[in-house]
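**Q** Sharing a structure here in structure tokens format.
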Amino acid sequence: MPTVAALESGGGGGQDFPAKLTGQVLICSIIAAFGGLMFGYDIGISGGVTSMDSFLMKFFHEVYERKHEVKENNYCKYDNEYLQLFTSSLYLAAIVASFAASLFCKRFGRKPTIQAASIFFLLGAILDAAALNIYMLIAGRLFLGAGVGFGNQAVPLFISEIAPARYRGGLNICFQLLITVGILVANVINYGTSQLQEYGWRISLGGAAVPAIILLVGSFIIVETPTSLIERGKLEAGLKTLRRIRGVHDVDREFEEILHATELAKKVETNSFRNLMKRSSRPQLICGTILQVFQQFTGINVIMFYAPVLFQTMGFGSSASLLSAVVTGLVNVISTLVAIFTVDRFGRRVLLLESVFQMLIAQSVMGGILMKFLQSTNEMPQLYAKIVVLLVCVFVAGFAWSWGPLGWLIPSEIFPLETRNAGFFFAVSMNMLCTFLIAQAFLSMLCRMRSGIFFFFSAWIVLMGLFAGFFLPETKGIPIDEMNERAWKKHWFWKRYFDEEESPAPAHLEWKDTMTRN
């Protein structure tokens, strides 16, 4: 994890309110980020498990037989809708859970939502580890999906609301860092359990209980966010918590800012989802959701879900393919650390734009090599197979220090309070929907499009680069409740969506006398 000194070195404004990077904020951010570890573990574990013969023999015997046919098409070995459903059903459940979590998060707070996420995930891990048939297996995946939906809704919001503005980017990326650590841990475990012929897959799937237990226990240590407390009328508790996490007594201006945002939200709040349909909410809604589309259509989850399957397609054996997945997982973790140290120094857009060129080159060259050297029934020459693994690492590195973490960070910081839960729900749901579509369709797409699938994702990367360059405002260092004034209303395109009459006059604040007496 980054040191305090390293995080403090990232300037870029956001010094409007007095604040230290306290141990309380660091501890709370790290514990909450274990929600990312749960998510990442599942992403990594599913691809490795679906390549294990013992798992396929028990649940997908047709795929097992096809895998071992000598002349079976390289691109179609794993093309099975139920095998894809094993991976994708989690994300379908997460879409529904995200909606419930957005309401739960607003009514009860961020902390209880994180606790609920860990319980759902724990139940799913137990069901999958004990699965006797495919129905039990899918039921476990649905519980895991509920955990992912609740966790992905609450954790980025939690970290964004407790972090001082100038450290918000680096701290929020702890969530993505733990996702990458989860993927790496899952790949290492899969590599080990693949040697256990009969029960290895049960150990791999049951291992998801460990991060869930850590998050559940840790959730009793973390504080509720001041924004959530104030939003629910607990002003004294909100002020006390704000002083505690900021490490300074003079938090009056920041408290005023949060209270003012809360009062404005209450004035217009008949329904936060209805508020999101207002003209002035469209820029945040469009950017927050389309970032999720682009994040998934980079093709990253093709790599993360199905890396062992993809490497076996290129001629690697089971152990070699799982080891290659470990290598890419390690690259993923290291590259996410780069994002933590750079996002608050260089800003969001620089990282997004640089990575577009990096990912585009890697995807295009990969597609070209597979088109030339991997036909339906041959084995790719080992030299070119190793080059593809290297290009996968280049691609993963670019994603991991840009679109991966920033796809979660930016939507968590751009919505005003009156639409924050609803807006982030749409972002999370779009992410889960696109993840579901990719997970459900990839093996069939690989069978039909073959190497062309890499050019399909390359075209999406071009589109996302154009979007980031022209339509995404820089949010580095801007306090979360000043985002409209200092980012959206100054953007060359989005400023037209804000009418003067939609900006209410500042509300009269009457909290000072009460707080002074206390």
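Numbering starts at 1 and runs along the chain as displayed.
Cβ atoms are placed via backbone N, Cα and C, with glycine included.
Take a look at what TrEMBL says about it:
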- 28-476: domain 'Major facilitator superfamily (MFS) profile' (DOMAIN)
- 21-41: transmembrane segment (TRANSMEM)
- 82-104: transmembrane segment (TRANSMEM)
- 116-136: transmembrane segment (TRANSMEM)
- 142-159: transmembrane segment (TRANSMEM)
- 171-189: transmembrane segment (TRANSMEM)
- 201-223: transmembrane segment (TRANSMEM)
- 285-307: transmembrane segment (TRANSMEM)
- 319-343: transmembrane segment (TRANSMEM)
- 383-410: transmembrane segment (TRANSMEM)
- 422-446: transmembrane segment (TRANSMEM)
- 452-472: transmembrane segment (TRANSMEM)
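Just tell me what is around each of these and how deep it sits.
**A** Tertiary proximity for the transmembrane segment (82-104) is limited to same-chain residues at least six positions away from its ends with a CB under 8 Å from its CB atoms, namely 42, 46-47, 50, 59-60, 63, 112-113, 116-117, 120, 134, 137-138, 141-150, 152-154, 305, 421-422, 424-425, 428-429, 432-433, 435-437, 439-444.
Residues 43-44, 46-47, 50, 78, 87, 183, 187, 276, 321, 324-325, 328, 332, 359, 363, 392, 395-396, 399, 403-404, 406-407, 410-411, 414-415, 419, 423-424, 426-428, 430-431, 434-435, 437-439, 442-443, 453-454, 457, 460-461, 463-464, 467, 471-472 of the same chain sit 6 or more residues outside the transmembrane segment (285-307) yet have a Cβ under 8 Å from a Cβ within it.
Counting residues 6+ beyond its ends, the transmembrane segment (319-343) has Cβ neighbours under 8 Å at 2, 6-7, 10, 44, 47-48, 51, 169-170, 173-174, 176-177, 179-181, 183-184, 186-188, 190-191, 194-195, 303-304, 307-312, 351, 389, 392-393, 396-402, 404-406, 409, 476 in the same chain.
Residues 152, 156, 160, 168-169, 172-173, 175-177, 179-180, 287-288, 291-292, 294-295, 298-300, 303, 307, 311, 314-316, 324, 327-328, 331-336, 338-340, 342-343, 348, 351-352, 354-355, 358-359, 361-363, 365-366, 369-370, 373, 431, 464, 472, 475 of the same chain, all 6+ positions outside the transmembrane segment (383-410), place their C-beta atoms under 8 angstroms from a C-beta of that stretch.
Through the fold, the transmembrane segment (422-446) approaches residues 75-76, 78-81, 83-85, 87-88, 91-92, 94-95, 98-99, 101-102, 145, 148-149, 152-153, 156-157, 272-273, 275-276, 281, 284-285, 288-289, 291-293, 295-297, 299, 301-302, 305-306, 309, 313, 407, 411-412, 414-415, 453, 456 of its own chain, all at least 6 residues removed from its boundaries and within a Cβ separation under 8 Å.
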**Q** Other than its close neighbours in sequence, what residues sit by the transmembrane segment (116-136), given a CB gap under 8 Å and a spacing of at least six beyond its ends?
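**A** Distant Cβ neighbours of the transmembrane segment (116-136) are 35, 38, 59, 82, 86, 97, 101, 104, 142-151, 154-155, 202-203, 205-209, 211-213, 215-216, 219.
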**Q** Give me the stretch from 21-41, 142-159, 201-223 with the greatest number of Cβ pairs under 8 Å to the transmembrane segment (171-189).
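**A** Per the Cβ under 8 Å count, 21-41.
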**Q** Would you report the average pLDDT that the model assigns to the domain 'Major facilitator superfamily (MFS) profile' (28-476)?
**A** 86
